[in-house]
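Visitor: As listed in TrEMBL for this protein:
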type	residues	note
TRANSMEM	46-66	transmembrane segment
TRANSMEM	78-101	transmembrane segment
DOMAIN	157-296	domain 'Palmitoyltransferase DHHC'
TRANSMEM	202-221	transmembrane segment
TRANSMEM	252-277	transmembrane segment
Amino acid sequence: MATVRINMSKPEEELADKPYRELSFMEKVKSRRHKSSESTKAFKQFCRILFTFQSTTQLYVFLVYILPGLFEDGWTRYWMKVLAVFLCLEWLINYFCTVLYSTDFQKTRDSPTVHMKERWENPPEYFESYASESTLSNGHATEVMNIQHDNGELPFTFCDKCKIYIPPRTHHCDICKTCILKRDHHCYFAGTCIGFRNQRYFYVWAFYSIWVGSLGFYFTVEYLKEFYSPYSWTDFIPVVAFYRWVSGTENMSFHIVLLILHLYLELMCAIFGMIYFSGQTMFVARNMTMFEFVKKIKVKSKNSLNQNYRSVFGDFWALNFLFPMTILFKQRENGITWDGLKIDYNSNHE
């Protein structure tokens, strides 16, 4: 018996084979989106590699060179090392929690609005059919969905891309290609969306980025002023410093090259940490997200400042700045229903 094999080419391969001028308008849009997605993934990997490099090498030069060189007293040097390790660990822990905690709105078989591990745990009264007393002509049951009743709660909306009903404050991310629960923004440095489950870690990560960047920059400058004598200002360019080290310049060692590179990384870390920390402070205090702020969606919260912070961090929210308290203190909100909050989605339409 003869077999027929058909090779089906992917749309991306077909677009790659065609010259750009011969593509239609929609094909050009798809081609640009595909290239943008690839560049975004590459930038995400670059940022993660850069973060790993900075966190490890910066802690190394601090413990081995900077602190022993700047502090002669033994106890002062000891406690400064403890502080450096503490700041680095807090920075790393909150970064990994930001990246690893899933923020997507998971679709379930029975209802996209209920997160249950077992089917029989779903209360049946939560579900209604489009036509509760009728069936389709082919004998199959009608499609089942979750209908929001007029009980004062914020309405659900339908995502045309994910084909599911999503709760209020949940929005689709074209980069992550999924709906994000309480979407704040897509962080290119972390390579993930900031939403309901990881906003608390992103907030603290930005807080410690300020300390790691600013203190690191200050002590690096003090060490270079004390132990490094550059020939000219060009020696503070990382590429030039690396070349002088490779060529065997007398006063250029490898850890000096690392310190010069760290100057730029630490300054960038401190600046972006201040920007994001100040922004998150404003958004959390007002119980709104960056997405709602950018889209000019009016959000009115009747809750107090303490309630808004507990909504993000859980009880005793200030302790999260010392150590992540996810296990001990859960978030009071579930990411689906929002007490004391009114959102006007039509406010950004003139």
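Keep in mind that glycine also has a Cβ here, set from the backbone N, Cα and C atoms.
It should be emphasised that the depicted structure is a prediction, and the values quoted were computed from it without experimental measurement.
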Visitor: Most CB pairs under 8 Å with the transmembrane segment (202-221): which of 46-66, 78-101, 252-277?
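Guide: Ranked by Cβ pairs under 8 Å, first place goes to 252-277.
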Visitor: Per DSSP, what is the residue tally for the domain 'Palmitoyltransferase DHHC' (157-296) in helix, strand and coil?
Guide: 79 helix, 18 strand, 43 coil
